[in-house]
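Student: I'd like to ask some things about the structure below.
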């Protein structure tokens with residue numbers, strides 16, 4: 001079964017209302033592959049012109065089946081529910097911001113010199129303008145107890161740190177939505193999506209499925225104002241942080257560093273205010289107001305919750321209405337016969353309808369074929385191969401894949417090699433197993449092969465060799481021509497003597513009577529005639545003599561014939577054969593005659609030597625009679 005991929009493409013546009021998306025606007029089917037799955041593709045496009053708090057799409061199996069050449073076996077539902085949207089506001093501390101503290105008045109006298117008073121202000125007093133020199137007043141007075149002038153100082157010291165201020169950064173959108181996909185009654189595939197999972201170009205896992213985003217999933221609500229508030233950190237605050245009024249902090253900062261607090265030191269020094277009046281009623285009023293929590297009339301951020309309570313990474317989260325603005329996105333769902341969405345398509349069914357065998361010569365290759373018909377209802381991709389062959393046969397080409405339409409046939413061809421494995425039979429019969437596999441079914445059969453072994457000898461021919469005891473043994477070629485079989489071992493005083501035509505016999509011989517190691521027939525042109533082999537066999541000598549005689553006779557005719565032909569070509573005239581009174585032989589060249597004689601002898605001897613002596617005698621008599629009558 002060909003696999004397919006189901007692509008669900010949703011195009012959702014931002015709007016103002018919050019209607020639930022429930023249907024698809026168009027369904028198209030494209031044959032091909034998707035980015036994540038092999039196979040065909042469903043594209044289901046949905047367009048919604050509003051932000052929404054829910055997507056609930058239902059597609060029936062019949063609706064999907066209409067768009068493909070197969071059958072979809074389950075309904076499909078896609079839901080985006082349980083949306084939760086927030087804004088995250090991070091905090092940033094800065095050297096531009098000063099801690100909010102309460103102050104206490106500080107007075108000391110008895111300094112001997114002016115410089116002693118200045119040094120005491122630098123070391124012991126709170127630095128109002130943060131320039132590193134301290135802030136305070138000093139004056140000279142006459143000491144009654146000692147008749148000298150001493151110095152006194154008036155300043156503030158830090159009493160308690162109320163809070164550390166920090167800027168509130170612009171918000172990051174944080175939202176989640178639970179996505180669920182289910183085909184029929186199969187296990188639900190789900191994922192919880194957030195803005196980190198739904199950015200432009202991001203691919204999100206939805207169980208075994210995928211969601212590819214073509215834009216950013218955004219909040220469907222406005223952001224609360226953050227420019228009129230400031231974050232305040234203190235261990236005394238619940239969860240460490242609170243939202244303060246930025247203007248109250250600026251008023252405190254201006255009062256402390258802008259000169260108002262220093263003016264109170266002057267008023268205290270000249271007696272306008274007492275120390276307790278300055279400390280309890282005047283200098284700490286702005287500090288206490290600066291650390292108060294902002295009101296809801298200033299910003300909706302007062303309803304934000306602390307997300308991170310640490311000083312360095314503090315942050316707030318603000319819940320927004322549960323609306324999301326969806327971009328276009330695509331859901332990829334594995335489909336096919338074994339996919340999450342089951343799609344059944346007509347498939348091919350292979351059936352082997354014929355095979356052809358082959359004969360293979362030893363060391364060569366032959367070709368076997370098998371014809372396969374697709375008896376299924378759909379196109380099939382069939383993989384044909386030779387899986388195994390019998391002993392002595394080896395597979396050269398083992399696999400081939402072909403696409404076959406319904407009702408069509410295709411032929412597979414494979415080369416098979418053969419090498420000799422037996423000395424018992426000239427022909428080796430065997431078989432190879434041919435298999436063809438489709439997606440859902442397969443077929444197999446045996447294809448016969450025959451190996452033809454090369455002949456090692458001519459049946460009936462003999463050869464001889466000495467054994468380990470230095471005695472002659474005679475071997476005879478078997479009827480199948482594949483091997484020599486042991487015949488006989490000659491006696492110690494015998495030798496294996498050639499008898500002609502590759503035959504041998506054990507004969508008693510003198511030490512110098514031949515019978516060497518030659519494994520052939522020992523029937524040379526003159527050795528057989530004059531006993532060079534020491535055989536003394538009369539029949540062999542007669543056979544050789546008649547062969548020579550035949551060669552001489554043929555040489556005679558070759559000599560005369562060659563001179564006659566040469567003489568004929570030398571005659572002048574209109575029609576040469578009319579000059580019967582001219583001797584062509586005498587006119588011909590002797591050199592041509594010699595050449596003809598040699599050729600005639602070789603041909604005559606060669607032809608005669610292959611016949612039995614009886615046949616040779618009959619032929620010689622026939623030639624003699626012919627010479628007598630036609631000379």
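Please read every residue number as a count from 1 along the shown chain.
The backbone N, Cα and C atoms fix where each Cβ goes, and this holds for glycine too.
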Student: Under Swiss-Prot, the annotation transmembrane segment belongs to which of these stretches: 570-590, 591-611?
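Tutor: From Swiss-Prot, the annotated transmembrane segment range turns out to be 591-611.
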Student: Ranked by the number of other Cβ atoms within 10 Å of their own Cβ, which of the disulfide-bonded residues 457, 506 ranks first?
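Tutor: Most Cβ neighbours within 10 Å: 506.
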Student: Same-chain residues six or more away whose CB lies under 8 A from the CB of residue 490 (disulfide bond)?
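Tutor: Looking at Cβ-Cβ distances below 8 Å from residue 490 (disulfide bond), excluding near sequence neighbours, one finds 471, 472, 473, 474, 496, 506.
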Student: Count the Cβ atoms, other than its own, that fall within 10 Å of the Cβ of residue 125 (disulfide bond), considering every protein chain shown.
Tutor: 22
Student: Mind tallying the region 'Domain III' (349-455) by DSSP state, helix then strand then coil?
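Tutor: Computed counts for the region 'Domain III' (349-455) are 0 helix, 72 strand, 35 coil.
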Student: Which of the binding-site residues 112, 149, 150 has its Cα closest in space to the Cα of residue 477 (disulfide bond)?
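Tutor: Nearest listed residue in space: 112.
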Student: Which of the recorded positions 112, 125, 149, 150, 155 has its Cα closest in space to the Cα of residue 389 (disulfide bond)?
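Tutor: Going through 112, 125, 149, 150, 155 one by one, the Cα closest to that of residue 389 (disulfide bond) is 125.
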Student: Run through the Cβ atoms and count how many others sit within 10 Å of the one on residue 112 (Ca(2+) binding site).
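Tutor: Cβ-Cβ neighbours of residue 112 (Ca(2+) binding site) within 10 Å number 11.
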